[in-house]
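Worksheet for the structure shown next.
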Amino acid sequence: MNENLFSSFATPTLMGLPIVALIIMFPTLLFPSPSRLINNRLVSTQQWLAQLILKQMMLMHSPKGRTWSLMLISLIMFIGSTNLLGLLPHSFTPTTQLSMNLGMAIPLWAGAVITGFRYKTKASLAHFLPQGTPIPLIPMLIVIETISLFIQPMALAVRLTANITAGHLLMHLIGGAALALVSISPTTALITFIILILLTILEFAVALIQAYVFTLLVSLYLHDNT
C-alpha cells in the first residue's frame, strides 16, 4: 500500500482524541525559567537571541508599540521552535495547519488594527484614501484599501502554511526517491541523499526565517497603527 503524501499533515490522535494541544504546548518546555542567579550557557544564549530580536524589531516603534515586545518575542520563539521540532522524524508540525496559523494571525492583526483606531483614529482612516487621489477614483480606492486591510491576516497565515508545507513535501518526495533508487542505481541514490541533506539544512533556515517574517509583519502592522 502506498503511503499518502499528506498523511504526515494529519492531526495526530490518541484513543480517538486529538493531541495537537499537547504538541503546541511542548515547545514551552524548551525555554525554562531558571531560578539560579547565574544562568547556564543555553539560557544565556536564549536571552541573547531574545535581546537581539527585540532590538531589531522594537527600534522603529513608539512607546505604545513597545508594550507589545513580550508578545512578539514569545511569538517568534514559539513559531521558530515549533517549526524546528516539526523537522524531527515522525513528528507533527502544527504550523502546517492553516486553521492554527489563522488562529494566531487574526487576533494579532485585529489587536493592531483596534489599537490604531483607538489611539490614532484619523491616521487609521486616512490609510483608506491615499493623499492626492482623483475624485472619480475615491470610491474604488476605498474598496481596494479595505480589501487589502482585511486580507492581511489571511496572507500572514497562508505564507507560513505554504512555506512550511512545501518544504516538508519536498523532503518527503526526495527521501522517497532516494529510498527507491537504492536498489536501482546506488550512485544516483547517493546523489539524491546528498541533495536531501542539503535540503534539510535549508529547511532549518526556512523554519527560522518564516518565524522571523511572520513576527516582523505583525510588528509592521503594529507600527502602522501606533
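Glycine too: its Cβ is placed from the backbone N, Cα and C atoms.
Under the heading transmembrane segment, Swiss-Prot lists 12-32 (among others), citing sequence analysis as support.
Residues annotated as transmembrane segment in Swiss-Prot, with sequence analysis given as evidence: 68-88 (among others).
The transmembrane segment annotation in Swiss-Prot covers 97-117 (among others). Residues 9, 11, 20, 24, 64, 71, 75, 79, 123-124, 149, 152-154, 156-158, 160-161, 214, 218, 221-222, 224-226 of the same chain lie 6+ residues outside the transmembrane segment (97-117) yet bring a C-beta within less than 8 angstroms of a C-beta in it.
Residues annotated as transmembrane segment in Swiss-Prot, with sequence analysis given as evidence: 138-158 (among others). Panel annotation: around the transmembrane segment (138-158), residues 98, 101-102, 104-106, 108-110, 113, 127-130, 214, 217-218, 221 of the same chain, lying at least six beyond its termini, place a Cβ under 8 Å from a Cβ of the stretch.
The feature transmembrane segment is assigned by Swiss-Prot to 164-184 (among others).
Annotated transmembrane segment per Swiss-Prot: 189-209 (among others), in sequence order.
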